[in-house]
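**Q** Dumping what TrEMBL says about this protein:
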TRANSMEM  20-38  transmembrane segment
TRANSMEM  45-64  transmembrane segment
TRANSMEM  84-104  transmembrane segment
TRANSMEM  116-137  transmembrane segment
TRANSMEM  170-203  transmembrane segment
Amino acid sequence: MVFLMNTQKPETQRALSRYLAKQLFFLVLVACTLFLCAKDAMWTMAWLFIASLLLVMAANLLAMDRALLAERSKIQKGTKGWDIALSAFVAIIGPYLVWITAALDRRYGWGVAIPLWASGIGLLVFLLASFFATWAMHTNQFFSATVRIQDDRNQNVVDSGPYALVRHPGYLGGIIGILATPLALQSSVALLPALLVSVGFVVRTALEDRTLMQELEGYRSYAQQVKYRLVKFVW
């Protein structure tokens, strides 16, 4: 990784440093949240979940080119005001509510017991959903962390890869991933905040899709070809 940073331009190095620092802080915070709230450092599925997050982070880093890395390293000019709070909820606040609830459920036994084999299935679904979102990120060089029309990067419509299936595959991966998280962490109670995050993703999808319809050239034609936003034959 040091070699990778040394071969980049200064601005790319700064973007990479910001990204890696945020991801490392995020991973440590997740670990502290799970183990401190659960008061159980031997929680097997929590360790496996953290390892899965690390795999997803590595895959996302490999999936991004230098321009996208810089784009996603901070909030950019032109970000829609409504998306600042909404993106924070679906990407940070909401997931932390899920993790805290799951950890407290582990500690106090609020919900229905979930067997280890079922939790393993949940973890697998989480990984597959996350890698589906990574595929979308790799395909779409305009996969910004917040909603904005990237005129400064000559944004155009992407219709290949997962974007040939639905118009917002990254959000689809996010929804499936957050709904699988309670199962992966053996918590039926954590499904409640996970459902709230899913609603947040749906709202964000609707608002972003409307923005793209109004402001991105070629998106209306793309929407006529790929008719569904998130789920084929549904919406």
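Glycine is treated like the rest: Cβ placed from N, Cα and C.
Each of these features: where is it, how hidden is it, and who are its neighbours?
**A** Residues 44-45, 48-49, 52, 55-56, 59-60, 63-64, 68, 143, 161-163, 169-170, 172-177, 180-186 of the same chain, all 6+ positions outside the transmembrane segment (116-137), place their C-beta atoms under 8 angstroms from a C-beta of that stretch.
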**Q** I need to check the long-range neighbours of the transmembrane segment (84-104): which residues 6 or more away from its ends have a CB within less than 8 Å of a CB in the stretch?
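**A** Same-chain contacts beyond the ends: 30, 33-38, 46, 75, 110, 145-147, 174, 178, 181-182, 185-187, 189-190, 192-194, 196-197, 200-201, 203-204, 207.
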**Q** Grab the same-chain neighbours of the transmembrane segment (45-64) for me: Cβ-Cβ under 8 Å, and only residues 6 or more beyond its ends, written as numbers and ranges.
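**A** For the transmembrane segment (45-64), the far contacts come to 19-20, 23, 27, 30-31, 34-35, 38, 72, 103, 106, 116, 119, 123, 126-127, 130-131, 134-135, 137-138, 143, 181, 184-186.
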